[in-house]
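A short write-up of the structure that comes next.
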Amino acid sequence: MVPQELIEKIKLISPGTELRKALDDIISANFGALIFLVDDPKKYDDIIQGGFWLDTDFSAEKVYELSKMDGAIVLSEDLTRIYYANVHLVPDPTIPTGETGTRHRTAERLAKQTGKVVIAVSRRRNIISLYYKNYKYVVNQVDFLISKVTQAISTLEKYKDNFDKLLSDLEVLELENRVTLADVVRTLMKGVELLRITEETRPYIVELGEEGRLARMQLRELTEDVDDLMVLLIMDYSSDEVDEETAQAILQDFVTRREPSPISISRVLGYDVQQVSQLDDILVSARGYRLLKTAARIPISIGYNVVKMFKTLDQISKASVEDLKKVEGIGEKRAKAISESISSLKHRRTSE
């Protein structure tokens with residue numbers, strides 16, 4: 001999974017940017033290039049040797065022309081200035097590198113040493129490689145990116161339909177107070193899969209730049225509420241009460257680091273289970289955060305107060321408007337919104 005800090009750097013060379021135009025022109029002319037992005041060139045006097053000082057306005061055309069010389073080009077990080085051209089970059093030779101070509105070995109060492117962006121264009125393979133800190137990202141062809149994104153969006157649509165169906169089924173069980181841990185874990189796992197595909201797709205969309213505008217809108221529409229729903233599910237079903245920040249951290253752990261399984265998700269939620277078959281036998285009760293937020297439009301900050309008083313969704317559903325009004329932050333309007341939203345859901349489920 002591509003880390004967010006690297007995604008921000010990939011944006012610098014996405015189609016539609018001036019730097020990408022320069023890189024594409026360099027490849028079309030069958031040139032190579034080594035480009036170093038810095039905040040203050042004077043800080044790197046021991047690394048930047050030879051060449052000549054320009055300190056001129058940045059443009060794609062200038063970068064292309066300067067790439068005709070053998071040396072590297074030094075640009076400002078905000079891509080407004082060209083500082084140096086035709087320089088020799090001398091990073092610490094003891095820094096390990098897995099690259100073979102001279103240009104790419106220099107780029108990798110320089111990025112590791114300085115923590116800055118270094119871009120290498122291979123003359124022989126016509127490939128753009130971006131190095132940043134200890135990361136390396138090889139830029140993909142637009143046709144390949146479009147194909148990958150289209151396939152991912154199609155997969156996401158199916159996963160989102162399944163996730164919505166599981167949430168709908170869970171809602172029925174919640175209102176009937178017969179949710180099992182298996183129901184919760186199944187829903188969470190589908191949501192994690194959905195979010196993982198989203199995170200894997202995001203770098204491709206970023207790399208597409210202007211070409212990825214439609215895909216970016218589709219991705220946002222498909223997943224804009226999934227993160228919030230997952231956090232609310234974790235808050236609803238953790239064996240011990242957790243706040244929103246803790247639930248978000250648990251979710252990120254599932255999405256970015258853990259290989260989620262029914263057992264691992266159950267244990268993180270606080271349930272001591274040894275076998276998957278146990279999940280069907282463990283009855284759990286929702287606290288009500290998700291219903292309060294999504295159906296009654298009650299802010300989380302007020303939802304805490306409701307859950308603190310009534311403990312579970314089942315108890316909230318049995319409370320009268322007058323009972324609900326005793327909660328701090330709940331007036332007549334919000335009390336009716338909670339009561340009516342629960343009644344409406346029960347009525348809708350009964351009539352289906």
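Placement of Cβ uses the backbone N, Cα and C atoms for every residue, glycine included.
The record from Swiss-Prot ties G71, T102, R103, H104, R105, T106 to ATP, and of the options L54, L89 it ties L89 to that site too. The ATP site is set by G71, L89, T102, R103, H104, R105, T106; from the centre of their CB atoms, other residues of the chain with a CB within 8 Å are L34, A72, G101, A107, A120. Confidence across the domain 'DAC' (3-143), taken as the mean pLDDT and rounded to a whole number, stands at 95. Per DSSP, the secondary structure of the domain 'DAC' (3-143) breaks down as 47 helix, 44 strand, 50 coil.
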